[in-house]
Amino acid sequence: MADPVAPVSFTSLIETANLQLRRVPAWPAYPLAFGYVGWLVWLGATGGLGVEPVVALQRALGEAALYLLIAGLAVTPLRRHAGLNLLKFRRALGLSCFIFVVAHFLAWAVLDLQSLGRVWADIVKRPYITVGMAGFALLIPLALTSNNWSIRHLGARWRQLHRLTYAAALLGAVHYIMLVKGFQMRPLIFLAVILILLLLRLRPGRLAMRFQRG
Amino acid sequence: MARRWTNRLTENDITPEAAFLNRRQIMAGALGAAGASLMGLPQAAHAEALTPHPWEDITSYNNYYEFGTGKDDPAQNAHQLTTAPWSVTIDGLVERPGQYAFEDILAKMTIEERIYRFRCVEAWSMVVPWNGFELADLLNLAGVTSDAKYVAFETVLRPEEMPGTRTRVLDWPYVEGLRLDEAMHPLTIMATGIYGRDIPNQNGAPLRLVVPWKYGFKSIKSVVRITLTDKEPPTSWNKANAREYGFYSNVNPEVDHRRWSQASERVIGGGLFAKRQPTLMFNGYEDEVASLYKGMDLTRFF
């Protein structure tokens, strides 16, 4: 006879998860991110990304960055609405995302366009590149301040600064929408998920208070 | 109007022996296997020898949105398309409108090998050894009337066999068009094969248009209807985004796509570190086709 199964409530499940997650270190995210970039490059060099690996590599790296932006944006809503605490992983998610964005940019600039002149011409002339570069530029100060020292020294301004993530995520999704041909669902789904995660952060109570005060 | 395509070979065009032997083998193999297809001598479209891309490259990297928007989607999904029986409706301003069975067309056409550059609007390119016949021959079969000025083409639309058409990526069916003089130009062919083999479904089986001096999307695949008209016909990408895709869509390094430069291209199959190549005016067929556009502002009629 099997043991009777104890009823498991959602809350206790989340509590167990939170306890277990405390033992999971965040640092493996960095070797994993670099490893994934290296693996993609190796695939590209050995035919694993098809006969046109440069574009495939850019696409894979760009999507990886979007996935991690989404994961980072999900941390707060998950804590607030489900009680799941992933806060200790957020820096690793953000910095891994940045690793992919830098690799995505390098794949485009070095392997695809192959000249600074072309890179600059595209940044000023091509709106989808301008949008993508703007998103990249916003992530740079965030990556530079993703350390304990910056958090201590910037204080409240650190939180304000890191709200740039919202704009960067939107720019990333719009960049993707702008580069595809015809009506394609995939980039629209990325944008929809990002919009939902941003909407979940709005707290009606606070907004109402602000309006009353305003 | 349409002369037969004539070779303009120079000493530079002498095919290296190894490549030549290789090609004879391919042809012999194809002749032995297919029996029916009669191949002409390799033609040089320009005073330079073109090395065709491997079969694998040509048949695994395709834009055929009816089977999905990914480059490998057509190779994965196109096997679902039934290509026999097949017929092409030729109608509009022709003397003998009707349904032309694919076998009947083949029986009347001379299949030749045409090694052409293929330049996609997305700024990648390859070289394809097509087998096919001149579109002019097919149009003459139906008899073009004197008031015809344009040719409209339509791709087969079968949502049950073409998963990509279940989403409205484009306004299906895919349609394309040419001016009559472009259609009658001896470089313009209907391709039925690659490397002497039947054209694979992902490349537009059983027959597709190939207009080598225009961006690839003009070379409409799996054609089921050809209509002669006196008005410029609608074309799919122009309908989807008129600012980015014009009716002419001639390869032109000086007229950029609104979202990217067309000055250079990435040659397929070069790997991660291949250098971009400069794009040639009319994709290298300037001598043959520039006269068609004499006096036209190509930045306006892009």
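Every residue, even glycine, has its Cβ placed from backbone N, Cα and C.
Whatever TrEMBL says is automated annotation, not expert-curated.
For the Mo-molybdopterin site, TrEMBL records B:ASN62, B:TYR65, B:GLU66, B:CYS120, B:ASN203, B:ARG208, B:SER219, B:ILE220, B:LYS221, and the single candidate of B:THR145, B:THR155, B:THR167 listed with them is B:THR155. Classification of B:THR155 (Mo-molybdopterin binding site) by DSSP places it within a strand. Same-chain residues at least 6 positions away in sequence with a Cβ under 8 Å from that of B:ILE220 (Mo-molybdopterin binding site) are, in sequence order, B:PHE153, B:GLU154, B:THR155, B:TYR174, B:VAL175, B:GLU176, B:GLY204, B:ARG208, B:LEU209.
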